[in-house]
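Report on the following structure.
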Amino acid sequence: MDFTEDEAEYEQWTHIERRVPFQGYRTYVASTYIGFNVVGFAINAWVLYVVAPLLFAPAIKVPKSILFYIFALCVGDLMTMIAMLLLVIELVFGTWQFSSMVCTSYLIFDSMNKFMAPMIVFLISRTCYSTVCLDKTRGEKAATLKYAIIQFCIALACVMVLLWPVFAYSQVFTFYMNPNATSQEVTVMRKCGFFPPPQIEFWFNLIACITSYAVPLFGIIYWYVSVPFFLKRRALTTLVASSSMDAALRKVITTVLLLTVIYVLCWTPYWVSMFANRIWTMEKKSIIIISYFIHLLPYISCVAYPLIFTLLNRGIRSAHAKIVADQRRRFRSLTDEASSQIRTAIRTIPGTKMKKQDFLTRTEEISSDKAASEAISEFRDALPSQTSFPDETLL
């Protein structure tokens, strides 16, 4: 098998696009990738449906900064799922089907997942710590949407600077196989890859491992573990209900364990394999299959993180439920009013006229029913929360 340097030699030959039969281990690998790709699209779309309306909704107890981080995490995950779709197509056909520009875009989106997802989780843990443990001024600042956008933009700019080798050394490589000098035919296979010089590759992987793995892991554990200790000290000096405090502590501990376990399981094998590839060559089929599934683990984290942050935050769930209930009530009110106007119009048709007194009575009934409904709704909204400890920020 020859590399792209021999392209001039085969330029006049007939190129036969390589089609690898979709069978064997590639069937299982591609099927697994397709399954997680579909699940990733579905879960992140659902989280966006839940979180996006809350960003600009008034009187939401959950900090706008956390909502924005979850929103940004879902958008980034959806971009990663699109990149994963290109990888699935390559697995199915056995060769890269797209241009060099699409190849670079795929590698950028795939690399951004390795940076942005851990950094956003890092920022969420920092925000939770700030809003719960720090003074009121710094907590309110950390909870604002403007502050979150600034932090996210700074993190994104740093990531794009770190990704310069991906822009510089990504390309579609062409392999020429089984040349037939008699018929002047050669089989062509294309692969999208990132192959920088060895020294640049080493330093890129090392910096990426520190900034997108070690630092976020330390920050997540430190800031989330600091919250229970703060709450425990606060319980000793205030009159917060013990049951509410215990629930908040259990919630924080559950979040810490889940995030840490998922983070370690999804990212540790990936980074270990990145450095192991410099020592061992992947020639055996079993090692290639293992590498495919290790590469799948970061995609699994794209499914897990948004789900955890949404399902574990009761404030997000209750706020979304309230918005949905309000929309249904408005829709019901509009349909009731429209149907009432239609009935009134029908009664005023010649031959079906109602008496003036009956018309006024019916109008008063509709008005009084609508006023009563609105009053009940306002009363329900004004009811205080049943919890005595505000845990909407404890993701």
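Here, residue 1 is simply the first one shown, and the rest follow in order.
Cβ atoms are placed via backbone N, Cα and C, with glycine included.
Annotated domain 'G-protein coupled receptors family 1 profile' per TrEMBL: 43-309, in sequence order.
If you look up TrEMBL, you'll see 34-56 (among others) marked as transmembrane segment. Residues 62, 64, 67-68, 70-71, 74-75, 77-78, 80-81, 84-85, 88, 145, 296, 299-300, 302-303, 306-307, 309-310, 316-317, 319-320, 323 of the same chain lie 6+ residues outside the transmembrane segment (34-56) yet bring a C-beta within less than 8 angstroms of a C-beta in it.
The transmembrane segment annotation in TrEMBL covers 68-95 (among others).
The transmembrane segment feature in TrEMBL is assigned to 115-135 (among others).
Away from its own ends, the transmembrane segment (147-167) comes close to residues 64-66, 68-69, 72, 104, 107-108, 111-112, 115-116, 119-120, 123, 127, 141, 194, 196, 200-201, 204, 207-208, 211 of its chain (Cβ-Cβ under 8 Å, at least six residues beyond either end). Marked as transmembrane segment by TrEMBL: 147-167 (among others).
The annotation transmembrane segment is assigned in TrEMBL to 203-231 (among others). Note on the transmembrane segment (203-231): residues 114-115, 118-119, 121-122, 125-126, 128-129, 132-133, 162, 165, 196, 245, 248-249, 252-253, 255-256, 259-260, 263-264, 267-268, 271, 274-275, 394 of its chain, located 6 or more positions outside it, place their CB under 8 angstroms from a CB of the stretch.
The transmembrane segment annotation in TrEMBL covers 252-272 (among others).
Annotated transmembrane segment per TrEMBL: 292-312 (among others), in sequence order. Listed as Cβ neighbours of the transmembrane segment (292-312) (distance under 8 Å, sequence separation of 6 or more from its ends, same chain) are residues 29, 32-33, 36-37, 39-40, 43-44, 47, 50-51, 66, 70, 73-74, 77, 80-81, 84, 113-114, 117, 121, 124, 251, 254-255, 258-259, 262-263, 265-267, 269-270, 273, 395.
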Contacting positions for the transmembrane segment (115-135) when only residues 6+ beyond its ends and CB under 8 Å are counted: 63, 65-66, 69-70, 72-73, 76-77, 80, 141-143, 148, 151-152, 155-156, 159, 162-163, 208, 211-213, 215-217, 219-220, 223-224, 226-227, 230-231, 259, 263, 267, 298, 301-302, 305, 309, 393-395
Within the predicted model, mean pLDDT of the domain 'G-protein coupled receptors family 1 profile' (43-309): 84
Same-chain residues near the transmembrane segment (252-272), Cβ under 8 Å, at least 6 residues beyond its ends: 114, 118, 121, 125, 205, 209, 213, 216-217, 220-221, 224-225, 227-228, 231, 294-295, 297-298, 300-301, 304-305, 308, 312, 394-395
